[in-house]
Amino acid sequence: MGRLDRRTCRSGSIVDEKGRTIGEHQGLWRYTIGQRKGLGLPNGPWFVIAKDMKKNVLHVSRNNDISLLRIRCQNPVFHCTMNNETVYMAEHRYRTHPFPVVLERQTEEFFEVRSLEKGGPVVAPGQSLVLYNKNIVCGGGIIISSEEVPHVSE
């Protein structure tokens with residue numbers, strides 16, 4: 001196991017979605033994407049939506065939902081043939097509401113999906129992402145990154 005980087009142990013700013021500094025964190029390593037409790041911020045609830053390791057900034061929002069999302073996963077395991085035309089339901093945590101996604105890219109090492117609904121959940125690296133077609137598990141992988149993508153009306 002690696003050691004904690006001293007840069008992640010330093011206190012720094014907590015910034016809301018409008019860029020306003022609203023508090024101070026005690027080290028980014030203490031926080032998880034999607035975390036709600038233990039932030040010490042007034043007028044909550046607040047949710048962790050991102051961590052900027054280079055600038056040592058914790059980004060929070062009152063809204064736990066974000067816009068459309070592209071999720072990249074490693075170590076894919078598929079139990080059926082996957083394609084770009086099927087809408088899959090994705091789940092990233094036990095007992096969470098599944099959300100619709102389409103497969104964008106797939107290799108032996110990774111795959112990417114894009115959410116189809118605004119207001120998808122905040123996902124964190126290290127969580128599993130499981131893809132379903134109806135009630136059948138089609139496959140999944142370990143989330144390595146996620147990013148917001150522009151909403152394109154069809």
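Using the three backbone atoms N, Cα and C, a Cβ is placed for every residue, glycine included.
Where the annotation comes from TrEMBL, it is an automatic prediction and has not been curated.
According to DSSP, the secondary structure content of the domain 'tRNA-specific 2-thiouridylase MnmA-like central' (10-62) in residues is 3 helix, 20 strand, 30 coil. Positions annotated as domain 'tRNA-specific 2-thiouridylase MnmA-like central' by TrEMBL: 10-62.
The annotation domain 'tRNA-specific 2-thiouridylase MnmA-like C-terminal' is assigned in TrEMBL to 71-143.
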Helix, strand and coil totals (DSSP H, G, I; E, B; other) for the domain 'tRNA-specific 2-thiouridylase MnmA-like C-terminal' (71-143): 0 helix, 43 strand, 30 coil
